[in-house]
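Novice: A single structure is presented below for examination.
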Amino acid sequence: MKRWARMVATLGLTATTIALSSCGSDAPTRPLTIVGWGGSSQDAHRNAYWTSFTKTTGIKLREDTWHGGVGVIRTKVIGGDSSWDIVQVETEDLILGCEEGLFQPLDWAALGGRGAFVPSAVHECGVGAMLWSYLIGYDGDRIKGPGPQSWADFWDVKRFPGKRGMRKTPKYSLEFALLADGVPPAQVYPTLRTASGVDRAFRKLDALKPNIVWWSSISQVPDLIGSGEVAMSVTSPGRLIVANQTEKRNFKVSWHGNIYAVDYWVILSNSPRKAEANELLRYMTRPENQMRLPTFIPTGLTSVEAGKRIDPRYKRDTPSDPANMTDALALDGDFWVEYGDQLTQRFNAWVAR
Amino acid sequence: MASAPQPLVEFRGVEKRYGGGTRPAVAGLDLTVAKGEFLTLLGPSGSGKTTTLMMLAGFETPTAGDIMLDGRSLAKQPPHKRNMGVVFQNYALFPHMSVSQNLAFPLSVRGMRTQDIAARVDEALALVRLDGLGHRRLDALSGGQRQRVALARALIFEPDLVLMDEPLGALDRQLREKLQAEIKRIQRALGLTIVYVTHDQSEALTLSDRIVVFADGAVQQIGSPQSIYEHPANAFVAGFVGENNGLAGTVTARDGDVCEVRLDGGEAIRATAIGNIAPGARVVTTIRPEHVGMDNGIDSYCNRLDARVDELVYHGDHSRIRATLPGGATLTICAPRGRGIEPAEALPIGWCADRCFAFPADDWVEDPLGDAQ
Amino acid sequence: MTPSISVQPGSVRATRMPRRWWTFALVAPLLLFLLASFIVPVLMMLSRAVTDHELADSWPKSAAALSRWDGEGLPDDALARTVAAEMLATRQAGTLNRVANRLNYDVVGSRTLLYLTADRMAAGAPGNSLADLVRIDPRWANRTYWSAMRHAAGPLTSYYLLASLDRRIDADGNIAAVSREQAVFVDIFLRTFKISLVVALLCTMLGYPVAYLLASLPERRANPLLILVLLPFWTSALVRTTAWVVLLQTNGVVNGLLEQAGLIDAPLQLIYNRLGVYIAMTHVLLPFFILPLYGVMKGIEPSAMRAASSLGATPLTAFLKVYLPQTMPGVAAGAIIVFTLALGYYITPALVGGGADQMISGSIAFYTNQSLNWGMAAALSLLLLIPLLLMVFAGRTMARTVPA
């Protein structure tokens, strides 16, 4: 027993040493670290905010990228790795991470008060970074004349022959199925909270299933549409609009029945640079700074003032434009936190059949 | 030698060139192997002896000429139809099989019945004195035992001809000598025809009925061990087979087979001229250590010189004297038993002209094997 | 002679022992490092598959009371009161989510029920009896929620492992299959093994001739080919996958060539289905098969094949009886490496596969990263680990029976 005790003590000491050396050394020397989703959205944030932030304040920034999943952050915080300060997270990650205490509650007064932002951009632990949406995208060179105008059209493979690209998750798929089945946007989540509503969504998906090509990374979508592999696809508009500008494509999107969601900035609770992180959050949420973002990427703005003053040229491509909001549906993060496991399991079983 | 038995194998003008090489690995080879004969191909590495063996086994194809077995050309015969047992340098045993399985392999590919195979395997194990080790795995055997397995495997299917490629090269000296005797015993007992490749001239002398000396892809001499040793055909054979002293010099006169040579140190000696050498030609004269006499034994010899002892080299069963001639050349002499030798002692030596050969100098190789021995 | 023989090995062992300790001391830092940075964390993670501490940590009194409850009928008022009190306390302390999420895994809807009940009590609703709770939400009269709580009281649980096998403990305490809509993991496990097996077989069939070619070429010519074999190692998964998409899609290169050659009339579906998964995974994993086999083949004496043919074996027999058996350790090693690596794949199947091609690691990643249900992630990992260990064991046994 004694030998075991000594061995355990030695092991503990070693583990502590390793843990200390991994979390302690990095913090004082590394610059403020901000983590985005890479690609065009990270480029846009850099161009709109980060370069000028460093220029004005002298605070150096380090960038990192991730692909979501609050488990990554939980592992870091529990494991004593404090290498990240500010992270761009999705709604469910925000809810789960905030409940777990992984994120620092925000000082809303310093950010200009909750009223300065659109309501969905305000959360105890996070402030809206951008507003984006999932909708129907297609290639205007392949579907000539009037394109799909609703999810019912998306389901209509007689009028629009060809495969359909959909994201291989129950999230979005079930909502779109109910919208296609005629459920009004406001009733989608109440319906999904009932067992019969879920059955109804899966029945509707059954009808389209033979024609669905599932994608798992949004980066696959421009290729899927551009190559004609699918006639239309669930997509977010950003990449298609950027491809139209940079690659001279003729991609089109239909805003009808889009589901919009907000990405949030959060400060990790184990960040050693909370003061600087707060300063960067203030800088990124100021209307005059946020107005620059749509010039780099078609995205909705979370600052009420910025939304009013946005250049009309960019306005019609942003999810927050009132014209694009008429029959839109806001993603219900709470619903997915509660039903995500069960529905993902059922969805995976269904998709494999 | 008795009257020549019926030839089993015949090489006719065989040549082997490897792709792109200008120098053939084997050139103009004419050679016969008689039934029941133990023929050794002897030569340094790269001399063409292994290539010759591999052509016979069928693993290499001659670029010219033909090889006949029992009067039939082997040109269209793949190795597995030649019915020759081959013992390879590194044994080439099958490591995933037991000893018995290795021995059974040539029998089972010939479709022999299982119980017959077992009997033959036991027989073969007894032949190479490995009784009872059939179940062993190869990595549980010593080097010598593996060699015996390789030998038994090459014999078990009663091949027309057994080819051995440096089969004892990896063994230490004592084991090698033991196995040499073993191979000889089995060859005699079974009346095997063996073509044996080695670079070890003493092994060749011990085992062979006939020796073929190779150098640079060409045959230098074919003959019995005795004729190769006693009457080398050229300076290469003289230097390669057995120990020999080489003394460089110039021919001053020639009278029939006998010539006079002025050594580079100034001494004049008489030697048997080999080949086309005329006065003025540069030659190497060779005299074997055991043919050098001393003291009173030299009275009848035509070559008598005063040497000085450098050192006595002890070999256990005999000793050698390293001595220097007045002109500075050194040579090795067999030391007679019972005569005390002191360093720096003046030593009258001498040898007979018919033991001493003069060869054209350009064939001489001072150290034919490099560091191989 | 005899005494000296019997003494010698003993003395040899005696001198060897300290030296063995020395070598152990030299690798000790690495062992400790592995232990601290790999083995211990992995074991800690896997232990979540069978432990249940969320409820016991957050609601200690309720956990004790729940363990005492026999699980028959509905709980008494004392138990309801204890649960209600701790529910309210943890809601106010901001830690209710731990219990809520844990119960929600088992019975979906528990999360809302707990938050709603706690918020109503915070607003003044009484929670002193079962009847009080039922007045707040009638679901409290449903035994399912109470049974789930009882099972979650810890410290050990079979919930995660059972759920990984599409089983659950129903309200009556029996192990039962989950509903057909929810039954997914057994299928995914079987599919994962099947895909891995097929990929290992494809790698064996395609890789063996390549390794043989490489091993039979002189080094000077084998090395450039080896680099070609290794190329997939050095390209990112995304680039590789994109390349496959370009080649295999409906209007892709392969379909174009086949149509031009007149072999097919309509494009074949080569991607976004199982075929695409097999093609892409075989491509990625082929080097892992070829390299160990190449090493083994390089170690086989070429003279063994010559010996076989000199002994009368035709080239085919020589290959089958002499060469092939000697390469089996390499084949086994390569196939086991490919199989085990394939078991862990999920990005490639996700990108080039269809709906029915998701592998178990995809589910593990989902529970680890997305839903934070680490108990499920650990249980699925544990079940995946068992056949993996069996494979490693089988590989060792096979390596022992066939000498290298």
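In case you wondered, yes, glycine gets a Cβ from its N, Cα and C as well.
Note that TrEMBL annotation is computational and uncurated.
TrEMBL lists C:21-46, C:195-214, C:226-247, C:275-296, C:331-352, C:372-394 with the feature transmembrane segment. According to TrEMBL, the domain 'ABC transmembrane type-1' annotation covers C:189-395.
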Novice: Which residues of the same chain, at least 6 past either end of the transmembrane segment (C:226-247), have a Cβ under 8 Å from a Cβ in it?
Specialist: 210, 214, 253-254, 271, 276, 279-280, 283-284, 286-287, 290-291, 294, 347-348, 351-352
Novice: State the non-local partners of the transmembrane segment (C:195-214) in its own chain: residues 6+ outside its ends, Cβ under 8 Å from one of its Cβ atoms.
Specialist: 222, 225-226, 229, 274, 277-278, 281-282, 285-286, 288-290, 293-294, 297, 327, 330-331, 334-336, 338-340, 342-343, 349, 357, 359
Novice: Where else in the chain does the transmembrane segment (C:372-394) make close Cβ contacts, counting only residues six or more beyond its ends and a cut-off under 8 Å?
Specialist: 45-50, 52, 101, 105, 157, 159-161, 163-165, 185, 189, 192-193, 336, 339-340, 343-344, 360-361, 363-364
Novice: How about long-range neighbours of the transmembrane segment (C:21-46): same chain, 6 or more residues beyond its ends, C-beta under 8 Å?
Specialist: 374, 377-378, 381-382, 385
